[in-house]
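Record features (TrEMBL):
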| type | residues | note |
| --- | --- | --- |
| SIGNAL | 1-25 | signal peptide |
| DOMAIN | 9-149 | domain 'Tyrosine-protein phosphatase' |
| DOMAIN | 69-127 | domain 'Tyrosine specific protein phosphatases' |
Amino acid sequence: MAKKKRKSAACIISGLLYLGPVSVTSNKEYLETEGITHILSIGKSPPQKFDSISYHRLGLLDDEGADIKPVIEKACEIVDDAMKRNERVLVHCSAAISRSPTVVTGYLIGRRGMMLRESLKVLVEGREVVQPNPGFLRQLAEMEREVFGEVTVKAEELEGKKLRECL
């Protein structure tokens, strides 16, 4: 049986920030209904299909050794710029499991003042398959330490476990 492709995204910040897989980017009806004005692709960018949407791409491999900090910093600028104009942003990667959730989590920590555990809970509630790779989780924990002086989630505690079962 073929997997059904998800054609909608999880709303992370009410009416402003969405997280979803690449399949959502081709669902014009959904994008229009939600008022999505920006698509931020983490990794390979889908074709720019719709004139009414601004497309942005930030390269990041789903590799434990990849440095997420510069990607998160640039993503924060893009999201902040859109939100200042009350515009809506969809952040996606291929499956919205590791890369794009990592970037959105970084945004929530760095710009919204949310602790790592709280940020991950928000993402998992909206999209239960969220599972940043262990290297990304370690870097997010370090980001949390830099921002708040403490760590609420240790990557080692999650090794081999589903994130949704641990929060």
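Glycine too: its Cβ is placed from the backbone N, Cα and C atoms.
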Using DSSP, what is the helix/strand/coil residue split across the domain 'Tyrosine specific protein phosphatases' (69-127)? 41 helix, 6 strand, 12 coil
Across the domain 'Tyrosine specific protein phosphatases' (69-127), what is the average pLDDT of the model, as a whole number? 97
